[in-house]
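> What follows is a single structure, and I will ask about it in a moment.
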Amino acid sequence: MLSIILLSVSGLANLFLGFLRSNRVLLPAVMLVLAVVLAINLIGFDTGQLADWNASPYFAGMLTFDRYAQVFTTVMVLTVLLLLPFSQKFVQDGNPNLAEFYSIMLFSLVGAIMMVSYNNVLVLFLGIETLSIAMYVLAGSDKSNLRSNESALKYFLMGSFATGILLFGIALIYGATRTFDLAQMGVAVRALPAADPGMTPMLYIGILLMLIGIGFKISAAPFHFWTPDVYEGAPTVFTAFMSTVVKTAGVAGFFKLLTIAFGGDTSGFWLPTLTAMLVLTLLIGNVGAVAQTNAKRMLAYSSISHAGYLMLALVALNSETLSKTAIFFYSLAYSLSTVVSFGVLALVHDQRQRDDYDSLNGLAKTNPLLAFAMTVSMLSLAGIPLTGGFFGKFQLLSAATAEGYIGLVVFALVMSAIGIYYYLRPIIAMYMKPAEEGTAAPVPVTMLQSAVLVVLVGLIVLMGVAPGLFDGFLA
Amino acid sequence: MLTALLLILPVVAALLLHFVRGSAARALALGASLLELALAVYAAFQFNGVYSQTNPTLELKYHWLESAGIAFHIGMDGLSYLLVLLTAFLVPLILLASFRHNYDNPSAFYALVLFMQTGLIGVFVALDAFVFYFFWEVALIPIYFLAGVWGGERRVPVTLKFFLYTVIGSLLMLAGFVYLYYMTGVNGAMRSSDLDAFYNLTLSTQEQSWVFLLIFAAFAIKMPLWPLHSWQPDTYEQAPAPASMLLSGIMLKMGIYGTLRWLMPIVPQGMSVHVGWIMVLAVIGIIYGAIIAIRQRDVKRLIAFSSLSHVGLMIAGMFTLTDKGLQGTVIQMLAHGVNVVGMFFIADVIERRTGTRQIAELGGLTRRTPLLTVCFLVILLGTVALPLTNGFVGEFLLLMGVYQFNPWLGAVAGLTIIFGAVYLLRMFQRVMLGPDSSFSETITDLTGSELAVLVPLVLMVFWIGLFPGTFMHISEPAVNKLLVLINR
């Protein structure tokens, strides 16, 4: 709760900071707030206590800040903290809307935290909306760029439809179970087929509609069509925000919903649907990424495919601890790697004004650090050992194996073999192709950005070499 | 502790190389690799042959991912030790070979070679499936960059093919390991990926057969088993000479070692279902490699196909599951490592002097190069498996094993020696003897640093050839234990 309060208040305060003549103070101020929030959450880990030092629910049981919420809040706050330095370009350009950007990011983070700490389906909806509306604005924040406008419009139109569907689903489920509370809903849903068979179709339609709504938010196929265009058009820093925080919050929130409210016998009804979505998501994400020539679009498809991998844990939700841990580990590794890859692309884009593969040519010569960081991030996304991505993938696979989904596991592995192909393409461009004419100058990187890249790479490798350090938070 | 030291030393040196340039980098790289060799030799005295709990010097275990039952468990038995020794012996020579080239950013090159050494040694000492898988992939990353950044004209598509081939194999292996790992916990026990836990599994033949196929995919690609070899000649040809040496000298042994350690004893019944067709493919590989080698015009490609042919014999011998076959495989792994590295080095020596690898453009090189000729001939005869050289011991045992398994296959496999003599001696004749070429008068003999690479190799050709007992003695208990596990 403390995280939500701090972030909301500082978001508001930040708007007023925008009145200052110089906007140089904004970035350090926002980073400081995030660091404080991160520290609060981390202290909770140490003492074995919750971030707020008590687990009692807030607002008449609508929010609970338990271990689960705390862990995912930490992941998301850390991601945003490490992502922010790549927005220094806005500061240098003297962007007049800088304060608003940062405030909107903080507000959307609040939405994301609500999505992992909700105890009531309405709060889930509120969180999703807080997050999404902020993202619509950020996607279109590059006002003079046609692509950015297109991106915002597409995201908004499709997103509001999805929200409507989600809300419709919630309404139907409420009609069937007469409650919004997650735990009570779980009890009612399990009892319903026996107690009131006439209501079951309504419940099932409601569940399906919710699957669609949340599937859209985490860009699961077949509700992924917006992703490549929106990711490509939005300013790269905000794309990174979208593909990390939104996905983590979406999957973690989804997992909570599925286990508590729709678990048990009911899962027999929606599991085949979810499995089909998973297979489709992995297929479309990986095959789609192969065909791309633009690194940013490739990462968009890759983010679709990662939604697919994460859904393995949703499908295997009966091994609850395994799945939870897997989602945590995977989303952390994925977020860190994604921040690196989009961060490097943003820096390269700032100088070279393009983000196809060829814009990375010869980067290893001009910017060894950027090239190395990008390489580690690509290997991590591909799930190669020595990086966190490998142990993330391993935990997802072992959760799925423990539930007997051997076929799915083999399919996911075949898909990640395809993944290797497109993750190697940036590496080939950086290390094995000569720089193109006019791009021989090094990409300017600030001290802060270099330091953050080193921290990010260090964390990714640490997760791959000493995974034990990140183990057991959710046991 | 010693095992851990063997793992850590190269990677530390690789990191330090980031900070030094020029001749200091060479000294550091070579020094580290020689220290590693000294450690590996020292390990021989600390060592009782079979890995077990009673020998903490060479075994090490600590929690890696405790909640999942994965431990960082490493240790050595005779089999692992011989391959660690081979790695430690070859890497200094490979580094010496790379000093002669003016590579861009040489520090990074040496660092990658040393990093690769850690990966390779890790594969050979791993006693936990995920540690094994971890190092298996770790070894792949540096060689990909070595071949991809410093390689020849067509390096980008060729290395991409190599990487994809290997990773697809590895992912299938991962699926197999995840399944075995899952099965260790099926009776409510704590899941574990330890080698011993895998040995204690009781799976149905059906399950074993599937797991065998999944895991063998990775090993068969790495070895490579015909027809999965198509990445190999291109990669050997395009990679810079030191990378070809690493690939053929050490890396392909990962596949054979993996089969011996992680496949045969874990799924013996599943394996026996498949032995038949693997033997046939292996023998096809022997003949196929040899016939293609005869037709090659490029020295490096010829060596690549000859390697394919020799590996085919190792695979066939290994799957006979007799003590002769297994011991032959072990000794032949050492011999092949020594010989193929020597062959690639000599190809590189000739290419650097003449600027070509085309057999047709070479000829009559012996007159001015007595030392080169002698070294070349010794290593060549080792590869041909002439008695008293290293190739003979291994191939003799292997052929005997194959013959016991099936006389017809044995007879066909025996052609490897005849064919080998044909293509290798023909190459020697055309390159070194034969009518003079434009290089006959200008070519210079071996320099001191080149001798420093070749002399140890030549000595090793004779040592393994004359006193194979030194090495077979070390691997014998391990092989016996392996046979017990296979026949249980």
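From the backbone N, Cα and C atoms, a Cβ is placed for every residue, glycine too.
Sharing the features that TrEMBL gives for it:
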- A:119-418: domain 'NADH:quinone oxidoreductase/Mrp antiporter transmembrane' (DOMAIN)
- A:25-45: transmembrane segment (TRANSMEM)
- A:65-86: transmembrane segment (TRANSMEM)
- A:98-116: transmembrane segment (TRANSMEM)
- A:122-140: transmembrane segment (TRANSMEM)
- A:152-176: transmembrane segment (TRANSMEM)
- A:202-225: transmembrane segment (TRANSMEM)
- A:237-263: transmembrane segment (TRANSMEM)
- A:269-291: transmembrane segment (TRANSMEM)
- A:298-315: transmembrane segment (TRANSMEM)
- A:327-348: transmembrane segment (TRANSMEM)
- A:404-424: transmembrane segment (TRANSMEM)
- A:445-470: transmembrane segment (TRANSMEM)
> Would you say the transmembrane segment (A:445-470) and the transmembrane segment (A:25-45) are touching, if the rule is that at least three C-beta pairs must lie under 8 angstroms and be 6 or more residues apart?
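These two segments do not touch.
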> Look over the recorded stretches A:98-116, A:202-225, A:269-291, A:327-348 and say which has the most C-beta pairs under 8 A to the transmembrane segment (A:237-263).
A:327-348
> Near the transmembrane segment (A:327-348), which same-chain residues lie under 8 Å Cβ to Cβ, leaving out any that are not at least 6 residues past its ends?
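Residues 71-72, 75-76, 78-79, 82-83, 85-86, 89, 235-237, 239-240, 243-245, 247-248, 251-252, 255, 295-296, 299, 303, 306, 309-310, 313, 355, 359-360, 363, 370, 373-374, 376-378, 380-381, 387-389, 391-393, 395-396, 426, 443-445, 449, 452-453, 456-457, 459-460, 463, 467, 470, 473-474.
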> Per the definition of 3+ C-beta pairs under 8 A with sequence separation of 6 or more, do the transmembrane segment (A:202-225) and the transmembrane segment (A:298-315) touch?
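Yes, these stretches are in contact.
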> With Cβ-Cβ distances below 8 Å as the criterion, list the same-chain residues six or more beyond the ends of the transmembrane segment (A:65-86) that contact it, or say none.
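Sequence-remote neighbours of the transmembrane segment (A:65-86) are 1, 3, 27, 30-31, 34-35, 37-38, 41-42, 44-45, 50-52, 55, 58, 102, 105, 109, 112-113, 116-117, 236-237, 240-241, 244-245, 248-249, 252, 256, 324, 328, 331-332, 335-336, 339, 342-343, 346-347, 446, 448-449, 452, 455-456, 473-474.
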